[in-house]
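Q: I grabbed these lines from TrEMBL:
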DOMAIN    9-203  domain 'CobB/CobQ-like glutamine amidotransferase'
ACT_SITE  95  active site, nucleophile
BINDING   130  substrate binding site
ACT_SITE  196  active site
Ligand code: GLN
């Protein structure tokens, strides 16, 4: 009998990038794999621990400005996220995590510019108003209900994409990247996006897309009526906001 190694999901720096509940993205990915018969393991890494070189998907979440600076310093010193991307692993980064994996971001009152990890061709600066509230976007290249992505955004940074990054989606309600009506960015197996929620619980097709990038294989559809119902409720809530 051949033993297949469990799919390793790496949850990066919850103590710094965990205040918005984005660790739920790890639970969602693990569950969706388990429901399909895969073995999974979730590795939680804190600053000071080395990032494993064995992960198939690395998850970063949202955080406060100061925590975000500590996280980028520790990740730069570690180097493991760059090695993961070079290996073709998937990176899914939310909000502060998204800003960190770009080329630079500014924080705080002084608009101090901090160098990012440069894994995604984006730069983030402070916007005139903080983006707070439900967000609805339309995923580029997708059709039907799966194309509608919902979440909750809460960020002061506005993000500009460079030529090597493609927007993930177009904003229908909310702010997203801000300047040009786009939301999030993708380059190969690296995805950055603003919504919390956790966003992969609200958008199972996006969760499966991350898994397909990580595994390099198509996944069979997974009908779950309770998730359809959650989606229906969240879409209704955000469309109510749109009025
Ligand atoms: N501190 C960042 C900002 O305000 C990120 C916030 C977050 O992760 N929700 O833009």
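Just so you know, glycine gets a Cβ as well, placed from its N, Cα and C.
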Q: What does the structure give for the C-alpha distance between residue 196 (active site) and the residue listed as 'active site, nucleophile'? Integer Å is fine.
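A: So the Cα of the residue listed as 'active site, nucleophile' lies 8 Å away from that of residue 196 (active site).
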Q: Scan 95, 130, 196 for recorded positions whose C-beta lands under 6 Å from an atom of ligand 1 and note them, or write none.
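A: Only 95 meet the Cβ criterion.
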Q: Around the Cβ of the residue listed as 'substrate binding site', how many other Cβ atoms lie within 10 Å? Please give the count over every shown protein chain.
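A: For the residue listed as 'substrate binding site', the 10 Å Cβ neighbour count is 13.
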Q: Rank the active-site residues 95, 196 by the number of other Cβ atoms within 10 Å of each Cβ, and give the residue at the low end.
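A: Among the active-site residues 95, 196, the lowest count of other Cβ atoms within 10 Å belongs to 196.
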Q: Looking only at C-alpha atoms, tell me how far the residue listed as 'active site, nucleophile' is from residue 130 (substrate binding site), rounded to the nearest Å.
A: 13
Q: Helix, strand or coil for residue 95 (active site, nucleophile)? Use DSSP.
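A: The three-state answer is coil.
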